[in-house]
Amino acid sequence: MEGQRCIALIAHDEKKDDMADFARHHQKVLASFRIVATGTTGGRVQEACPGLEVIRLKSGPLGGDQQIGAMIATGEVDMLIFFTDPLTAMPHDVDVKALTRLATVYDIPMALNRATAENLIDFNSAD
């Protein structure tokens with residue numbers, strides 16, 4: 001939809017259940033966004049919330065993080081919610097760092113954990 005804000009959803013493997021639960025609890029607010037997600041995360045969100053339309057990109061390690069980074073750089077993504085797992089080493093860690101760097105450079109709201117994501121969603125539901 002033209003003019004609709006876009007939110008990107010990403011979750012590391014150990015955080016995918018948390019992302020699905022987050023989406024389930026905030027389905028009404030998320031429905032007001034254009035949603036893009038990395039492949040597996042997007043699948044989990046769709047399973048949890050069949051009513052949400054989710055554009056699934058590649059899996060993070062296969063380039064999905066970079067696809068979302070490119071969308072941030074071109075102004076297509078307005079907000080990033082990325083549930084990271086700081087306790088597990090990621091082979092594609094440089095992609096993760098590049099993605100969070102782009103969100104910072106382009107000054108879009110970014111949540112890296114559930115507590116911050118809850119605050120961002122609550123703030124956006126007040127619009």
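Even glycines carry a Cβ here, placed using N, Cα and C.
According to Swiss-Prot, the protein carries these features:
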- ASP65: active site, proton donor/acceptor (ACT_SITE)
- HIS12, LYS16, THR38, GLY39, THR40, THR41, SER59, GLY60, HIS92: substrate binding site (BINDING)
- 1-127: domain 'MGS-like' (DOMAIN)
Hey, which of the binding-site residues THR38, THR40, SER59 is the loneliest by Cβ count within 10 Å?
SER59
Between the Cα atoms of THR40 (substrate binding site) and ASP65 (active site, proton donor/acceptor), find the distance and write it as a whole number of Å.
12
Three states by DSSP: which one describes SER59 (substrate binding site)?
coil
Which whole-number mean pLDDT does the model give the domain 'MGS-like' (1-127)?
93
Would you please pick out, from the recorded positions HIS12, ASP65, the one with the fewest other Cβ atoms within 10 Å of its Cβ?
HIS12
Run through the domain 'MGS-like' (1-127) and tell me, per DSSP, how many residues are helix, strand and coil.
65 helix, 20 strand, 42 coil
So which binding-site residues are near ASP65 (active site, proton donor/acceptor), with CA atoms within 10 Å, out of HIS12, THR38, SER59?
THR38, SER59
